[in-house]
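What Swiss-Prot annotates here:
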| type | residues | note |
| --- | --- | --- |
| BINDING | 92, 102, 126, 216 | substrate binding site |
| BINDING | 216, 240, 244 | Mg(2+) binding site |
| BINDING | 276, 277, 278, 279, 280, 281, 282, 283, 284, 285, 286, 287, 288 | NAD(+) binding site |
| SITE | 133 | site 'Important for catalysis' |
| SITE | 183 | site 'Important for catalysis' |
């Protein structure tokens, strides 16, 4: 298995090392191994030579089965938006990572801000390359009293359908329920396309129950009845917002993993923890590597290593449930890896 590894900045290097440790432990005895290539991408490289992501970088990344990312950014030295647009979004569009996958699980032992959350275990399938993030907009008469700015949400049948099909496939593997989240009563054109696509594709997945929530109602249900959700499919902007809410409901983004996926398999998909680079604690050995480890499990699952993914997720669940509150980065990774060897 050939993995491109982007440790990135801050705690990214530390948590990625533990993720790889656990992934190798999960593969032990299978006859398979992980071959890694490290890429110096992120704030450090940008500050050193002004480069973000070159054509040579992209060509080299494409030679791998998948990409494991730690975290990038340093708000102390790089202005907001530079790395997001020039590195992360560029990679997403060029490598056609049209699916953003975000599992949301409330693990035993983790405190939710909800008084009685019940069992929380759902995934959000967010469209990643269209919508309001497609970059279709502009401004005129800037810095005048008559300034005009617009951002156009771009939604294509092709783009919507491939994400909807991916969501239905995931629903078939899970509890067989899919919820479309949008705002069809106001966004009648984009919302109409999403609703019609879901209705039509649903005819091929008759064992999956389908329902619909306006985005505002979905945020209410996520804090009053999160167990109602199994697979949520939604557009780029709504998905960006609702996944952060899902992270908060399940104890914070420190445990949240994500996948940026080319569902066709043409390009390598990328997996990363949702948390940032946390430069304030970098090098102290206290960063929680759990989200990075769970990102490794997502990577395995994407590549068909279901048993290994299941084993990592079970090991994480057991470890999180038995923690005493203190975190040492290397100790957590070693403990989870050793539990897979036993």
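Glycine is no exception: its Cβ is also placed from the backbone N, Cα and C atoms.
Among the binding-site residues 278, 280, 282, 284, 288, the residue whose Cα lies closest in space to that of residue 92 (substrate binding site) is 278. Following the DSSP three-state reduction, the secondary structure of residue 126 (substrate binding site) is strand.
Take the recorded positions 126, 133, 244: by the count of other Cβ atoms within 10 Å of each Cβ, the lowest one is 244.
Among the recorded positions listed here, namely 133, 183, 240, 240 has its C-alpha nearest to that of residue 276 (NAD(+) binding site).
Nothing from the binding-site residues 216, 280, 288 places its Cα within 10 Å of the Cα belonging to residue 240 (Mg(2+) binding site). Residue 244 (Mg(2+) binding site) falls within a helical segment according to DSSP. Taking the C-alpha positions, the distance from residue 288 (NAD(+) binding site) to residue 126 (substrate binding site) comes to 25 Å. Within 10 Å of the C-beta of residue 288 (NAD(+) binding site) there are 23 other C-beta atoms, taking all protein chains into account. Residue 282 (NAD(+) binding site) sits 25 Å from residue 102 (substrate binding site), counting Cα to Cα. Farthest C-alpha pair in the substrate-binding residues 92, 102, 126, 216: 27 Å apart.
Recorded residues residue 286 (NAD(+) binding site) and residue 102 (substrate binding site) have their alpha carbons 24 Å apart, per Cα-Cα distance. Neighbours of residue 183 (site 'Important for catalysis') among the binding-site residues 102, 216, 278, defined as a Cα within 10 Å of its Cα, are 216. Looking only at other Cβ atoms within 10 Å, the busiest spot among the recorded positions 92, 102, 183, 284 turns out to be 102. Geometry remark: residue 244 (Mg(2+) binding site) versus residue 278 (NAD(+) binding site), CA distance 17 Å.
Sequence-distant contacts of residue 216 (substrate binding site), defined by Cβ-Cβ distance under 8 angstroms and a gap of at least six in the same chain, are 183.
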